[in-house]
Amino acid sequence: MTIDTTNESDNSPTNSPGLEASARTFSLNASKMVRITDDYADEVFIEQNDVVIEKPRMDPLHVRKLMETWRKAARRARTNYIDPWDEFNIHEYPVQRAKRYRYSAIRKQWTEDIVDVRLHPDSFARGAMRECYRLKKCSKHGTSQDWSSNYVAKRYICQVDRRVLFDDVRLQMDAKLWAEEYNRYNPPKKIDIVQMCVIEMIDVKGSPLYHLEHFIEGKYIKYNSNSGFVSNAARLTPQAFSHFTFERSGHQMMVVDIQGVGDLYTDPQIHTVVGTDYGDGNLGTRGMALFFHSHRCNDICETMDLSNFELSPPEIEATEVAMEVAAKQKKSCIVPPTVFEARRNRISSECVHVEHGISMDQLRKRKTLNQSSTDLSAKSHNEDCVCPECIPVVEQLCEPCSEDEEDEEEDYPRSEKSGNSQKSRRSRMSISTRSSGDESASRPRKCGFVDLNSLRQRHDSFRSSVGTYSMNSSRQTRDTEKDEFWKVLRKQSVPANILSLQLQQMAANLENDEDVPQVTGHQFSVLGQIHIDLSRYHELGRFVEVDSEHKEMLEGSENDARVPIKYDKQSAIFHLDIARKCGILEAVLTSAHIVLGLPHELLKEVTVDDLFPNGFGEQENGIRADKGQKPCDLEEFGSDLMEIAAEMGDKGAMLYMAHAYETGQHLGPNRRTDYKKSIDWYQRVVGFQEEEELDSDCGKTTFSSFAPLTRHEILAKMAEMYKEGGYGLNQDFERAYGLFNEAAEAAMEAMNGKLANKYYEKAEMCGE
């Protein structure tokens, strides 16, 4: 960057008195100082064969001149700043008191204080749900007051519950954490999400609530939405950021609805697996499916080694235009020389199951580093130490330790380019120079023109003055919390590709190491649920491009609701097959019904010919041969799928397998009648029925279309098999007698006395 220093006052370092003496003093202390800019930090250390070698330090006179030049540029920018809201005379409106509520995403705590504001009574913008007002807030720094910061106060048009506003703040601050983590990977462009809080106008009747954000100057653009919309603007960063959050969270959440000015975003939305938090905009896996259908991995995704989400050939071909736009953007995107670590070398840990809570809730359950872990000892670490233990503490010590620091950060206005601030500076670290993937193993750069001896004295005096490290004491504590937060979170990264998941699982089995991630069923299930949602969206015509003739036909006829929608069956079957491989019960059962020619709810018009257009045989039997299994026909393949669904807990599939083993039908050439297995499946169904009687809410979800059998009917079938014997089951009249009596009692409870008498008669015959 070139800064014009002409027409400045003659106070440059070259004309200052006593320059030579100052230069000598500066040279003596230069060895104890570290660099403040990344432009020259790269010249301090080089790495050869994993050995860090110190290069000659740069000229201190040049550094001093550079620092003075930057100070002049900052003063000039401050002096020439023109408030865009001067014409509205907000300073003429009365000062009002407001209670401000701020949320800490790390500590999951709310803090409140009283602030002075001036609110313009007329709204200047209006959306679908909220309207915006101009506001200025008084920022107090010491004894001075500053009203120069511009804010936007957003109020809901319709009356909403008070909790909705606080949920919106929690959502945006959680998304802001993900933006900070994204910046740590040194993408081509850093991003930031606007700080937001809630203010309550306590001096106004009714104490209305507003969302408060900094005013962003520039052109407001919506890059993507929570329903799969992607802007035509050739921007790679917003889409890569959404993809990044999905993989980094272990498939548990995704930040979408990216909008704002440049790379300063506001009003995002978060999709989670459970789909019940973060408001009505959280579409769960359905929203994730809509995003991946319109998303194509770009250069940033590839550089960060994010996995390509599986799409069918027709889906890929349908987005050639989007790929061309991305190619044009590639030419204009200047990527810094950053080397990212490959996924195969990154270590991630097992992702928590969805029943234990979403990613952010799990990660907050951690311990803050104690005082001894962050203490710098002059005896063991000198000023030039670049060990992993020293670097984070040095960076934290370089930050101010003001109690009002959070307020100061929020009070300074931001512009489109303000994303590269303190968080961005802390993120300038090489995270890709180690094969282990742990950030602590990488070598960040020290930053700041700071004498470390004085730093330690300042740090020790501050620590002694506050006694202990409280949660609100200093920036160091907050940064330590963030480091611990992301240290745990990075271990949950999971690829968004079933093939990558399978390879990761194979690697874990081969390594047999605790540090190698074990792929859980939950990770497969989330990915599979996204694919099953895509298959359902295809069937509903969500991605159908309706031509004018078809549109007129749909709008002009009353019976068109019964006309089947012509959708992309190939893509729907493609996603159904991947969902089946991921172990989604609905996908497994739907595939089984299609193969066996049974009615099914999902993809009703798909037949076995659509599922296997080239015929069933060689490919499927080749896979079975690789697993050491015998070749099968189509009927046995369907029976295998049905048995898998039964093992997964579907009662209809259990009844099907029990009946199949009882009669020997629809089992294929490699299976025969087996009374023992039939009774085993019948017993499982009875067990499920007993659980449902104890608790009606704990019944297993079934996707089968089989007519359920009553308890007394199942018991009677089991009794008949024990009475007859054979097919792997020993004849047992005593057991048959007991089962017939149980069936009779169950029939009496079902108010079927005639059938109960029949069962009692059969029981007496077994007793004779």
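Cβ coordinates come from backbone N, Cα and C, glycine included.
As annotated by Swiss-Prot, region 'Disordered' applies to 1-21 (among others).
If you look up Swiss-Prot, you'll see 1-17 marked as compositional bias 'Polar residues'.
Per Swiss-Prot, the feature domain 'Alpha-type protein kinase' maps to 102-309.
Its Cβ taken as reference, D280 (ATP binding site) is surrounded by 8 other Cβ atoms within 10 Å in the chains shown. What Swiss-Prot records for G279, D280, G281, N282, L283, G284 is ATP binding site.
Positions annotated as region 'Disordered' by Swiss-Prot: 402-446 (among others).
Marked as compositional bias 'Acidic residues' by Swiss-Prot: 402-411.
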I need the neighbours of the ATP site defined by G279, D280, G281, N282, L283, G284. Which other residues of that chain put their C-beta within 8 angstroms of the C-beta centroid, in sequence order? N226, Q269, H271, G275, Y278, G287
Could you tell me which of these binding-site residues, G279, G281, G284, has the fewest other Cβ atoms within 10 Å of its Cβ? G279
Just to confirm: which same-chain residues, 6+ apart in sequence, have a Cβ under 8 Å from the Cβ of L283 (ATP binding site)? N226, S227, H271, G275, L290
Within 10 Å of the Cβ of N282 (ATP binding site), how many other Cβ atoms can you find? Include all protein chains, please. 21
Over the domain 'Alpha-type protein kinase' (102-309), what is the model's average pLDDT? 90
